[in-house]
């Protein structure tokens, strides 16, 4: 127990309690089945995609390596969030260790930023493939993928470190009930008796700088792709060009739409139940992860063929 200059007493907290859907407790049971199915779908689909790319020599190309990185990010994000949420729903195991909470917070922020960054790199890959097809093999090489992976890891691992550090250094005044299913930065920081302005500003500035810059570059890439596609005169060239980046564009829409809805519900929090942003926050860690490999598997002929060959071997 520590007494501060302002007279507040902070109690050393060893764990937090994740209190999901405080105002809508009936959501827990009805939400647990679709959430568990989405989780199994995400794990299974990403697992199949990774195994197919690994075993099929024809898929050992930069575009599929980038897709493998996306699948790995999705798997880690799902495993960081969903099993804990399901244990809360099914067994009422709300407790989470103090340090485990901040590790979860770091992984969520870091890996979501990495996912945004991989979409940006994939958009550049599609831009080169369509706008500079003759130079594609010399620009998008295995070395390019390695350098991109190092950049993605370094940029996001370093820039998101202050988020859990700032939160963990706050003094908590005895309250340890987080009104969320996950250790979201602001949900945890709210329990502190300290000023959390710096936490709030860093989360806001960091989030918009990382995700905002990625989205601007993605938009720029697709603007240039669209301009190049509209200039194509050969019969069927436009359809072929659009199909090569259609899957990727759909994935970006999934990722951005859920993120946008989440931001809008936070802005309009007086008009919606406080449980809605919590629900969207959980879904954002599983819906893109479940849909990403399916969209690529369905829309990409080479991946479909690879999966079929593996099944035939089995």
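Using N, Cα and C of the backbone, Cβ positions are placed for all residues, glycine too.
Using a Cβ-Cβ cut-off under 8 Å and counting only residues 6 or more beyond its ends in the same chain, the transmembrane segment (31-55) has close neighbours at 21, 64-65, 67-68, 71-72, 74-75, 78, 82-83, 85-86, 89-90, 279, 282, 286-287, 289-290, 292-294, 296-297, 303, 306-307, 310. Residues or ranges marked as transmembrane segment in TrEMBL: 31-55 (among others).
Residues or ranges marked as domain 'G-protein coupled receptors family 1 profile' in TrEMBL: 45-296.
A Cβ distance under 8 Å defines the sequence-distant neighbours of the transmembrane segment (64-91), meaning residues of its chain 6+ beyond its ends; these are 18, 20, 28-29, 31-32, 35-36, 39, 42-43, 46-47, 49-50, 53-54, 104, 107-108, 111-112, 114-115, 118-119, 121-122, 125, 142, 145, 148-149, 152, 181-182, 251, 282, 285-286, 288-289, 292-293, 296, 302-303. Residues or ranges marked as transmembrane segment in TrEMBL: 64-91 (among others).
According to TrEMBL, the transmembrane segment annotation covers 103-124 (among others).
Annotated transmembrane segment per TrEMBL: 144-166 (among others), in sequence order. Within the chain, the transmembrane segment (144-166) has long-range Cβ neighbours (under 8 A, six or more residues past its boundaries) at 62, 65-66, 69, 102-103, 105-106, 109-111, 113-114, 117-118, 121, 185, 198-199, 202-203, 206, 209-210.
Among the features that TrEMBL reports, transmembrane segment is placed at 208-230 (among others). Sequence-distant neighbours of the transmembrane segment (208-230) (same chain, 6+ residues past either end, Cβ-Cβ under 8 Å): 113, 116-117, 119-120, 123-124, 126-127, 130-131, 155-156, 159, 238, 241-242, 245, 249, 252, 256, 259.
According to TrEMBL, the transmembrane segment annotation covers 242-264 (among others).
If you look at the transmembrane segment (276-298), the same-chain residues 6 or more away from its ends with a CB under 8 A from one of its CBs are 20-21, 27, 31, 35, 38-39, 41-42, 45-46, 48-49, 67, 70-71, 74-75, 77-78, 80-82, 85, 108, 112, 115, 179-182, 184, 247, 250-251, 254-255, 258-259, 261-262, 265-266, 269, 304, 307. The transmembrane segment annotation in TrEMBL covers 276-298 (among others).
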- Query: Where else in the chain does the transmembrane segment (103-124) make close Cβ contacts, counting only residues six or more beyond its ends and a cut-off under 8 Å?
  - Reply: 63, 66-67, 69-70, 73-74, 76-77, 80-81, 84, 96, 148, 151-153, 155-157, 159-161, 163-164, 167, 182-185, 188, 210-211, 214-215, 217-218, 221-222, 248, 251-252, 255, 284-285, 288
